[in-house]
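This report concerns only the one structure given below.
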Amino acid sequence: MDTSSINAQSIFDDNAAMLKLSWLTGHEGWERGFSADTVANATSSADLVGHLNLIHPNRIQVLGEAEIDYYQRQTDEDRSRHMAELIALEPPFLVVAGGAAAPPELVLRCTRSSTPLFTTPMSAAAVIDSLRLYMSRILAPRATLHGVFLDILGMGVLLTGDSGLGKSELGLELISRGHGLVADDAVDFVRLGPDFVEGRCPPLLQNLLEVRGLGLLDIKTIFGETAVRRKMKLKLIVQLVRRPDGEFQRLPLESQTVDVLGLPISKVTIQVAAGRNLAVLVEAAVRNTILQLRGIDTLRDFMDRQRLAMQDPDSQFPGKLV
């Protein structure tokens, strides 16, 4: 990941209003940031932002009331030594939180070394939590995938397939049935947590759907505010294919998944053929996926019935699967 654009200036601009930050000194060091190695070796954003800790170099150091109080109780010699060690770590910037006054020696050393020094009336814990969330978002793994991303029955579904299979037309049909559009053609995905991937629409394509023969359609204007979504978690990928019947597996015995940013995402394959109601099939696939997430697997239940029937031909089964 390119970390060159992540520096003291960009972090300050993005968080100054929310965290009530003031830039006290060290303006010349606005380009300070994280090295690629530091980001690569970080297991989480907690490695990049935290309370004052002289063991962790290249880290955003936050000094709260407890740290300032401890500093005030030190001898002049210890104060000077601690401040020298802190500046020698070359942090991207320092934050004095909790409305505490920045120690004069710290201000002087930051000025001389061009180390950005911020102050805020907010508590150190609140600043750390907010900056960790911010860092986790901007450093999260990202990818752009081709397809139509929709909200179907509250589930994020990506329609994929070769060009000309009718993905956009299918998306338009699903939107007309009350579902919502997130993005068409290019979908930006980011892994924001250990167990979910979130998809958004690039600003340039917001609310737009391209349909052959009709051109660009503004879905929000045509269908209303409820027909579009800002973002959704990706839960299912529906791949549209056109192939001879002999190559198509009617009952896949194993669940299919696709790796997206290191996370396995459920996948179903739907064959495109004349006369097939693809919108109904996609809705059924989504409903079936919802059942699977709840622990209900229709195919597995059928296979269990089949095995029991082979073992005991006289056994009776209920009229429904669940």
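Just so it is clear, glycine is given a Cβ too, placed from its N, Cα and C backbone atoms.
Quantities reported herein were computed from a predicted structural model and do not represent experimental measurements.
Swiss-Prot lists region 'Important for the catalytic mechanism of dephosphorylation' at one of the ranges 7-12, 103-108, 265-270, 271-276, namely 271-276. DSSP classifies S168 (ATP binding site) as helix under the three-state reduction.
Taken residue by residue, the region 'Important for the catalytic mechanism of dephosphorylation' (271-276) breaks down under DSSP into 0 helix, 1 strand, 5 coil. A C-beta separation below 8 Å, combined with a sequence spacing of at least six in one chain, links D185 (active site, proton acceptor) to H146, G147, V148, L205, E210. When pLDDT values are averaged over the region 'Important for the catalytic mechanism of dephosphorylation' (271-276), the model yields 86.
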